[in-house]
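Student: For reference, the structure I am asking about is given below.
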Amino acid sequence: MENILQDINKNFISLSNDEIRRNNIILDSVVQTFVGKMKEKDPLFNLMYRRVFYGGSFYDGLRVGKPKEFDLDLLLTLPNFAQPVLTTSNIPGFVFLKLENLDAWMRQPEAQRVGASFKKLLDGRNYLSTANVLVWMEGLVHRAANDLPARGSKRLLTTPVGTFEVSIHKGGPAMTLHICDSEIEIDVDLVACFVFGSNKWPTNRFRSNPVNSKPEFFIVPKKPRAPEDQPIQRYWRLSFQEQERVLIDNKQYLKPTVKLLKQLRDNLGHNFIASYYIKTVILHAVDERDDSFWRRPLSHVFMTILKDFKTYIERKKIPYYWNSNNNLLSGIGERTLENMNNRLRNVIRDMETRPETMWEYLGIKYTMYSKDSKKQFKELSEV
C-alpha cells in the first residue's frame, strides 16, 4: 500500500516546481499590473486597498491537477474614524458590519473625494452590504479592463513579463480574469474582502487565534443559506485563511493526504463535499494529533484520516473549525450522507484487504512494462 500511494503522490497529485514557479511569476505580474489600473480608476479603491492575499488550494499546496484556477482576495480596509463594528450574526460563521460613526467621518478631509462613493457600499442603516460591494467591484473591474487596448472581444494587458489577452467574467462573489497567451491559459478569481486586526477578533464561541504571527482575519461577501425575510446582504462570511495556512504547513504527509482525499472524492462523484470540508477534517486532526503523526508512513496517515473522514460523514456533522456551532454538512440530505458512509466503508475495506484497488478508487491505472521493469502511468481523467 505504501509504494502505491507514494507512486500516486509523486506522479499524479503533485505539481512540478517549474509549473509552480512559472505561474507565480506570471500571476503576480498580471495581478499587480491590473490592481494598479483599478487604483487609477477609483479613488475609493485606492484609499481602501491594502494588499492581495493569494488564497485557495494552489497557494495552500493542496491543489490536485494542473494549476489553471487561482483565488485571490483583494484586502481592503475601512476608515477607523467611522468606527466599524463587527457583530456575530444568528448564522454561525457570519457577521454583520456597521459603521457607527459614519456622519462624523464624512466630515473628515479624506472623505471629501470618496465619501459619496463609500456610502453606496452601505445599506440605509449604515451596514456594509455584500450586494452593494459586489456591484461596485464589478463596475470597477470592467472600467479598469475597458482602459486596456482591445483585440477583438478581449483586452491586452502589458506587464513586466509579457503581454496577455484578458477577458472578464462574473461568477458568485468573484470577478474572473481569463488570462491567456500562446503558452498559458488561467482563470484568476478576484474577490473584494475586508481585513481586520486582532482587536476585532470575533468572540461568542469562536476559537481564539492560535497563530500569534497572523493577527488579521477577513470578511468575504459570500451569502449564507437563510430565510428570505432575513437581510441577506448584511451577512459577511468570516475567513481565517492565513491562520489555516500556518496550521497545515510543515507537516510531512498532511498535504499529500488532503490531495488523495480530494482525488478519491472526485472519482467517487461526491462533488457535494466541498474541498473546505476536507480541509476542516484535517484542521481538527492537527488539533488531535502531534506533529510526529504526520511523519509516519503515508499509507498510515492517509488511512487514518480517511477513517476520520468517514466517522464525520457517519455522524452527519463536520464542525466548523472556528465555531463548532456551525455544521458544515447541514445542507446535505441525510440519505445522501448515509449512502456516502456506506460507500466509504466499502472503499476502506477494499483498500485494506486489496491495496491494488487504490488505483481504481483514485481514478488511475498503471501498466507494467517488462522491458525496463518500470511502471508507466496514465491518468484516467484530469482533475
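The backbone N, Cα and C atoms fix where each Cβ goes, glycine too.
From a predicted model like this one, the values you see are computed outputs, not experimental measurements.
For reference, Swiss-Prot lists these features for the protein:
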- SER57, GLU69, PHE70, ASP71, GLN241, GLU242, GLN243, GLU244, LYS262, SER275, TYR276, TYR277, ILE278, LYS279: ATP binding site (BINDING)
- GLU69, ASP71, ASP189: Mg(2+) binding site (BINDING)
- ASP189: GTP binding site (BINDING)
- VAL286, ASP287, ASP290: Mn(2+) binding site (BINDING)
Student: Taking the Cβ of GLU69 (Mg(2+) binding site) as reference, which residues of that chain separated by at least 6 in sequence fall under 8 Å from it?
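Tutor: Result: GLY56, PHE58, ILE186, ASP187, ASP189.
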Student: When you average the Cβ positions of GLU69, ASP71, ASP189 for the Mg(2+) site, which other residues in that chain have a Cβ within 8 Å of that mean position?
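Tutor: Residues close to the Mg(2+) site, other than GLU69, ASP71, ASP189: GLY56, PHE70, LEU72, ALA174, THR176, ASP187, VAL188.
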Student: In sequence order, what residues of the same chain, 6+ apart, have a Cβ less than 8 Å from the Cβ of SER57 (ATP binding site)?
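Tutor: Expected: ARG63, VAL64, ASP71, SER275.
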Student: Of all the binding-site residues here, ILE278, VAL286, which one's CB has the most other CB atoms within 10 A?
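Tutor: Comparing the binding-site residues ILE278, VAL286, the most crowded Cβ belongs to ILE278.
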Student: Here are the binding-site residues: ASP71, ASP189, ASP287, ASP290. Which has the lowest count of other Cβ atoms within 10 Å?
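Tutor: ASP290, out of the binding-site residues ASP71, ASP189, ASP287, ASP290, has the fewest neighbouring Cβ atoms within 10 Å.
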Student: Rounded to a whole angstrom, what is the C-alpha distance between TYR276 (ATP binding site) and ASP287 (Mn(2+) binding site)?
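Tutor: So the Cα of ASP287 (Mn(2+) binding site) lies 17 Å away from that of TYR276 (ATP binding site).
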Student: Please list residues from the chain of GLN243 (ATP binding site) whose Cβ is under 8 angstroms from its Cβ, counting only those at least six apart in sequence.
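Tutor: Listed in sequence order: ASN209, PRO210, VAL211, LYS214, PHE217.
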Student: Fewest other Cβ atoms within 10 Å: which of the binding-site residues PHE70, TYR276 wins that one? Let me know.
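Tutor: Each of the binding-site residues PHE70, TYR276 was scored; lowest Cβ tally within 10 Å is TYR276.
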Student: Work out how many Å separate LYS262 (ATP binding site) and ASP287 (Mn(2+) binding site) at their Cα atoms, rounded off.
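Tutor: Roughly 21 Å, rounded to the nearest whole number.
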Student: Starting from the Mn(2+) site formed by VAL286, ASP287, ASP290, give every other residue of that chain whose CB sits within 8 Å of the mean position of their CB atoms, in sequence order.
Tutor: ALA285, GLU288, ARG289, ASP291, PHE293
Student: Could you find out if DSSP has ASP290 (Mn(2+) binding site) as helix, strand or coil?
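Tutor: Going by the DSSP assignment, ASP290 (Mn(2+) binding site) belongs to neither helix nor strand, so it counts as coil.
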Student: Measuring Cα to Cα, tell me the gap between ASP290 (Mn(2+) binding site) and PHE70 (ATP binding site) in whole angstrom.
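Tutor: Cα-Cα distance, ASP290 (Mn(2+) binding site) to PHE70 (ATP binding site): 31 Å.
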Student: Based on DSSP, name the secondary structure state of GLN241 (ATP binding site): helix, strand or coil.
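Tutor: In three-state terms, GLN241 (ATP binding site) counts as helix.
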Student: Can you give me the Cα-Cα distance between ILE278 (ATP binding site) and VAL286 (Mn(2+) binding site) in Å, rounded to a whole number?
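Tutor: Computed Cα spacing between ILE278 (ATP binding site) and VAL286 (Mn(2+) binding site) is 13 Å.
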Student: Taking 10 A as the limit, how many CB atoms besides its own sit near the CB of LYS262 (ATP binding site)?
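Tutor: LYS262 (ATP binding site) is surrounded by 21 other Cβ atoms within 10 Å.
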